[in-house]
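Student: Got a structure for you, written out below as structure tokens; questions coming shortly.
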Amino acid sequence: MPGLKRILTVTILALWLPHPGNAQQQCTNGFDLDRQTGQCLDIDECRTIPEACRGDMMCVNQNGGYLCIPRTNPVYRGPYSNPYSTSYSGPYPAAAPPVPASNYPTISRPLVCRFGYQMDEGNQCVDVDECATDSHQCNPTQICINTEGGYTCSCTDGYWLLEGQCLDIDECRYGYCQQLCANVPGSYSCTCNPGFTLNDDGRSCQDVNECETENPCVQTCVNTYGSFICRCDPGYELEEDGIHCSDMDECSFSEFLCQHECVNQPGSYFCSCPPGYVLLEDNRSCQDINECEHRNHTCTPLQTCYNLQGGFKCIDPIVCEEPYLLIGDNRCMCPAENTGCRDQPFTILFRDMDVVSGRSVPADIFQMQATTRYPGAYYIFQIKSGNEGREFYMRQTGPISATLVMTRPIKGPRDIQLDLEMITVNTVINFRGSSVIRLRIYVSQYPF
């Protein structure tokens, strides 16, 4: 019996002592054996592995491993405990071979899988999908992500974990949208300002070329960033609605655009001249047409065509009144031997001239001068007749000359006849006589 007792003791000790070289195999990857307690402790890879997760990923330690997840999705660590925190440090070592004796007992024990695993039909430890079996402890606002030997409680995109709850992330605070952002639970929506359209990326905005898509302008459309402007053709101005164009009345801007008349037309204007004038190359000034030179008049062969500003005059032949006699084409003389000529001007000379309507005053318009200067004689110049309106006066400019001055602007058309008298006084021979210039002034209708 003492020999049998020794054999049983050795067999039992063989069952409980670890197999040489197999101590590290008691802990799987991700765990390390604590030699003092004999327990398998989790390895914190996030601390021991340099740059375990890179970029914008965050390292989260798990029992037996670690996860790299986006920083916007913090991991909720479930409340389950370390499977190796109990006194059991299995799996158990294989049983020692039985003592080769038919009457000695053989001791064996069943295989056990660690926490998070279960035995399949082939006696293999396989991972338990806690998410599929609904054996997790994730909050209803969270989602369960199965891992090897465990699970992770995480949040969907658009949420972040805070004190076990998934809270909505306000993406609008981080400038995800180029222009307008509207936060919604778990997501966000980007929109664009008027004049822009959302690109396919759902975030950036692109200018809309309204001139190509709508062309709202009546005349010319110019696209701008986010909008457009309408422009009008020359001669038009933009209305208050910013779209329509209305004709610009250039003639109302200034009375000096045209010398005579400004005629407005859609988008432009033109200058016109009255009959008897032609428009010059500057398209604003009018020039008189000399009908007499162009033989574009209605005078008879006996009449003389006299050109005026804007017209012409047909002047009849000079007819001298008694007792005057015609000398030449434009002079009448009273014979000295005729007693009826004693108190009459010795000669009457006919002259014609024209002035424009409203001519600025004072204006020197005609000059009168004696042809001969006699010793001891002096000359007096005056307006004998036709100046009832006091529109003229004679200014003597020298001993034998004087100038007719117009003192008031005269509006045409109008014909004026003045008798300008030159009186000759000779004290040596006691002589006094006179000569007259009968000046016919034709005032035109227009001031040009």
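Even glycines carry a Cβ here, placed using N, Cα and C.
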Student: If you pull up Swiss-Prot, which of CYS305, CYS314, CYS320 shows a disulphide to CYS332?
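Tutor: Checking Swiss-Prot, the candidate bonded to CYS332 through a disulfide is CYS320.
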Student: Under Swiss-Prot's annotation, the disulfide partner of CYS46 is which of CYS40, CYS53, CYS59?
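Tutor: So the cysteine paired with CYS46 in Swiss-Prot is CYS59.
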Student: Just the number: how many Å between the Cα atoms of CYS251 (disulfide bond) and CYS258 (disulfide bond)?
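Tutor: The Cα atom of CYS251 (disulfide bond) is 8 Å away from the Cα atom of CYS258 (disulfide bond).
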Student: Taking only same-chain residues 6+ apart in sequence, whose CB is under 8 Å from that of ASN283 (N-linked glycosylation site), what do you get?
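Tutor: Set apart from ASN283 (N-linked glycosylation site) by at least 6 residues yet with Cβ under 8 Å, we have PHE270, CYS271.
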Student: Tell me the Cα distance separating CYS232 (disulfide bond) from ASN296 (N-linked glycosylation site), rounded to the nearest angstrom.
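Tutor: Given the Cα positions, ASN296 (N-linked glycosylation site) is 45 Å from CYS232 (disulfide bond).
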Student: Of CYS172, CYS181, CYS205, CYS245, CYS332, which is closest to CYS46 (disulfide bond) if I measure between C-alpha atoms? They're all disulfide-bonded residues.
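Tutor: In terms of Cα distance, CYS46 (disulfide bond) lies closest to CYS172.
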Student: Taking the Cβ of CYS314 (disulfide bond) as centre, how many other Cβ atoms lie within 10 Å?
Tutor: 14
Student: Within 10 Å of CYS205 (disulfide bond), Cα to Cα, which of the disulfide-bonded residues CYS172, CYS217, CYS245, CYS258, CYS299 are there?
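Tutor: Passing the 10 Å Cα cut: none.
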Student: Relative to the Cβ of CYS217 (disulfide bond), which residues of the same chain, six or more apart in sequence, are found under 8 Å away?
Tutor: CYS211, PHE228, CYS230, ARG231, ILE243
